[in-house]
Amino acid sequence: MKSISGVRMRTPSVESRDYVENSAFLLSLSICFSPFLYYLSQNVTREKRKLKEVMKTMGLHDAAFWLSWGLPYAGIILIMSFVMAFFLQAVYCSRSSFSVLFLLLFLYGISSVSFLAFISSFGSNSYSVEIVRVKIWRKLR
């Protein structure tokens, strides 16, 4: 084993930042999705309470109902994730890949929408859905 010699690879220097600054910045990124989720919870519960039974008697499938709400918000989240990933890479994470940042933000937004669709089945009005969402979010922190 004396004939094998190792070469130390140089690693880029790590810039340490303040923990509070990191937490505040990442919290503000997650809060960027909250207006969309608030309006989605209001609209879904209002339509679910008033019009879903009428639409079901007319032949609407559940998949069509959820896709009619999920696809437009997925488009909004796609655009928002693109903008936030561009900003995040330009200002904060210059060594990170844009595609990885975009994918993480997009998947976070889509999972938030699906979580809200799950929570909307528990409430009869949008206010109760928001209360349940906030309580669960606080427990998960």
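In case you wondered, yes, glycine gets a Cβ from its N, Cα and C as well.
Note that the coordinates shown come from a computational prediction; the quantities given were computed from them, not determined experimentally.
Residues or ranges marked as domain 'ABC-2 type transporter transmembrane' by TrEMBL: 17-126.
Here TrEMBL flags 20-40 (among others) as transmembrane segment. Listed as Cβ neighbours of the transmembrane segment (20-40) (distance under 8 Å, sequence separation of 6 or more from its ends, same chain) are residues 69, 73, 76-77, 80, 84, 88, 92, 105, 108-109, 112-113, 116, 130, 133.
Residues or ranges marked as transmembrane segment by TrEMBL: 63-88 (among others). Same-chain residues lying 6+ beyond the ends of the transmembrane segment (63-88) with a Cβ under 8 Å from its Cβ atoms: 29, 32-33, 36, 40, 43-44, 52, 55, 96, 98, 101-102, 105-106, 109-110, 113-114, 117.
Summarising the annotation, TrEMBL assigns transmembrane segment to 100-119 (among others). Long-range contacts of the transmembrane segment (100-119) within the same chain: residues 29-30, 33, 36-37, 40-41, 44, 66, 69-70, 73-74, 77-78, 80-82, 84-85, 88-89, 93, 129, 132-133, 136, each at least 6 residues beyond the stretch ends and with a Cβ under 8 Å from a Cβ of the stretch.
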DSSP residue counts for the domain 'ABC-2 type transporter transmembrane' (17-126), split into helix, strand and coil: 90 helix, 0 strand, 20 coil
